[in-house]
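Engineer: Handing you this structure, nothing more for now.
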Amino acid sequence: MKDRYGRELEDLRITLTHVCNFSCFFCHMEGEGDLYVNGLTPDEIELVAEVSKEYGIKYVKLTGGEPTLRRDLTEIIYRLRNLGLEVSMTTNGYMLSKIASKLKEAGLNRVNISLHTLDKEKFKKITGVDGMDRVIEGIKEAINVGLKPVKLNFVATKMNINEAFNVIDFAEKIGVNELHLIELHPVGMGKIAFSYHEKLNNLENVLKEKALREGTRNKHYRPRFYLPSGLVVEIVKPYANPIFCSGCNRIRLTVDGKLKTCLYRDDNSIEILNILRSNLDKYHKMQLLKEAFDVAIAIREPNFKYII
Ligand code: SAM
C-alpha cells in the first residue's frame, strides 16, 4: 500500500530496548528519546509484525539500544522468521563472538555491525567502552557463521572521518560484504554532537574514482559503490536530503509501543500499546492494529521534501 507520496512500505524497524552497554556520544536513540521502559514482549512484536505483512512489510530490522541485550532475542527472531519475514539486526557487535551462531540458528538472516574506528583509544572515546578487539572478534564470528551479508556501519564525524578508508581496507581484508558510510543525524544526542558533523562529499568523490561501477539502492535511493575487492560501500545521507526521504519505505515500532513514521518526527506516531495490552482477543486486536497502520500510512510524509 502506498502513502500520499507514492511510497510503498517494505521495512519494519523495531527497537527492542533502549538499554545499551555502549554510550556512543552521538547516539540518535532511534529518534525515541531516553526511554528506559521494558520493551514489547515477543507476543506483542509478533502480532504487529503479522499485521505489518498485510501492508507490504517484507524485512524487519532489530535495533536498540543494544538488541543483543534482550534475553529473548532468539525467540523474537524465530517468531519473525516463522512469519516469513527477512530478519536483520543492527548491533554494536560486543556480544556477537558469543552468540552469533545461536542467532543464526534462530533464523537471523544478516547483520549490521557498528565500527567507527580502528584506533582503540578513539573507540573508547566514541563508545565509552574499551571494546574494539571484542567487536572485531564479533565481526569475524558473524562472517564465520554465515550471517550474510555482513555489513559495517561507520558513522562519520570530525573525530574519525580520516579513518574511513582504513576501515574500508579492513572490511575488504576480513571478508565483510558491505560498508555503510553514515552521515551524522542531528537526532537525540546527535543534536548535541552535531558540531562533529562532516559531509561525506569528499569520500564519495574518492569512491567514484575507485569503484568498478555505481548503483542506487531502492531504499532511500542510497548511492552504492562497487569496489574491485567485491566490497560494496553505501552512502547514507538522510539529513536535509529530499531524495533520501522520497525513497523511504520504512516504518518503526518503538520500544514503548508506537508506530513511528519518521526518525526525525516526534509528532507523527500512532500509539498502539493500548491495543496490544487490551483484553481483546487476537482477532479484534488485529482489526485495531490494521486501523492504526491505515492512519500511520495516511499521515506518513517525507521530512525533507522539495517545495515547488
Ligand atoms: N546499539 C546498536 C549499534 O550501536 O549499532 C544499534 C542501535 S544504533 C542507535 C543503530 C545505528 O545507528 C548504529 O549503526 C549507530 O552507529 C547509528 N547511529 C547512532 N546515532 C547516530 C547518529 N546521530 N547519526 C547517524 N547514525 C547514528
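For all residues, glycine too, the Cβ spot is worked out from N, Cα and C.
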Engineer: With ARG13, THR90, LYS151, ARG250, ILE251, ARG252 listed by TrEMBL as GTP-binding, which of these, LYS61, LYS124, LYS125, is given for the same site?
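Structural biologist: Matched candidate out of LYS61, LYS124, LYS125, per TrEMBL for GTP with ARG13, THR90, LYS151, ARG250, ILE251, ARG252: LYS61.
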Engineer: Checking proximity to ligand 1 here: which binding-site residues out of CYS27, THR90, SER114, CYS262 have their Cβ closer than 6 Å to it?
Structural biologist: CYS27, THR90, SER114
Engineer: Do any of CYS20, CYS24, CYS262 (binding-site residues) have a CA within 10 A of ILE251 (GTP binding site), and if so which?
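Structural biologist: Taking CYS20, CYS24, CYS262 one by one, the ones whose Cα falls within 10 Å of ILE251 (GTP binding site) are CYS262.
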Engineer: Around the [4Fe-4S] cluster 1 site formed by CYS20, CYS24, CYS27, which additional residues qualify by having Cβ within 8 Å of the site's Cβ center?
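Structural biologist: Near the [4Fe-4S] cluster 1 site, the remaining chain residues are PHE22, SER23, PHE26, MET29, GLY65, GLU66, ASN92, THR127, MET189.
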Engineer: What is the one among the binding-site residues CYS245, CYS248 whose Cβ has the most other Cβ atoms less than or equal to 10 Å away?
Structural biologist: CYS248
Engineer: According to DSSP, folded down to helix, strand and coil, what is CYS245 ([4Fe-4S] cluster 2 binding site)?
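Structural biologist: Looking at the DSSP assignment, CYS245 ([4Fe-4S] cluster 2 binding site) belongs to a helix.
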Engineer: Quick one: pull the CA-CA distance for LYS61 (GTP binding site) versus CYS24 ([4Fe-4S] cluster 1 binding site), whole Å only.
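Structural biologist: Checking the Cα atoms of LYS61 (GTP binding site) and CYS24 ([4Fe-4S] cluster 1 binding site) gives a distance of 20 Å.
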